[in-house]
Amino acid sequence: MADHQRQRIHPVDLEAGQPRPSAPLVPPGSSFRSDKGDPAAAPDRRPPHHQPLPPPKRRRGCCCRFICCVLVTVILLAVLAAVALGALYLVFQPKAPHYSVDRLSVSQFQVDPTLTASARFDVTVTAANPNSRIGIFYERGSSLSVWYDTHRLAQGALPAFYQGRRNTTVLGVVMAGQAQLGSAVVAALRDEQQTGAVPLVFRADVPVRVELGSLKLWTVTSRVRCDLVVDSLLNASSQIKIKASNCKFSLKL
């Protein structure tokens, strides 16, 4: 009976009471991020996929071509202008006009106690145009002046006129003005008066237009400077003898 009461011993599976791991919901190698932003979720460690960038535009090549075109155009225009000027020079053969101060007389020159000089001159100016195919238009707005040292003694203007080809024009101009000299300048002037050599400067700025055949060019300024040496200045109502004269001509474009 003891044998019948003997209990039977059966093997017990120890792992049967533990839950078996279920299959993963996400396949291996795939990434998953929860809607709640779970930091414990595994990040995607695959390298990012880069899209190819579009090729750069060739702006530098366009700029270089544009600059080259501009330079070539400028060079061609300069060459054409030089050729045109050379042709005009060969056809017309321009020569500079000649100017001179032929006569200078003093109708008034006095210095008051304040050392202010009042002067009045009658000047004869000769303008010669040696060109056979070029005429000169002398326009209004000219400025003539007589200077002693840095002091302008008198001023005047030329009348407007046309000077034809191979023409010499003699003009009489009246010039008057006042200047504050100072004691040292008056003393130097009197010393030069005694030696019979008084330096003066005649200046002229005259707007002119050159005529090439039937073509009139733009207006330029004709500048004349004549360095004079006269024998007297303080003796009024007398004609001054011009002992030396040197005139220079230039153009201001």
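The backbone N, Cα and C atoms fix where each Cβ goes, and this holds for glycine too.
Please treat TrEMBL annotations as automatic predictions, because they have not gone through curation.
The annotation compositional bias 'Basic and acidic residues' is assigned in TrEMBL to 1-13, 33-46. Marked as domain 'Late embryogenesis abundant protein LEA-2 subgroup' by TrEMBL: 124-226. TrEMBL lists 1-57 with the feature region 'Disordered'. Here TrEMBL flags 66-92 as transmembrane segment.
Within the model, the domain 'Late embryogenesis abundant protein LEA-2 subgroup' (124-226) carries an average pLDDT of 94. Mapped onto DSSP classes, the domain 'Late embryogenesis abundant protein LEA-2 subgroup' (124-226) shows 13 helix, 67 strand, 23 coil.
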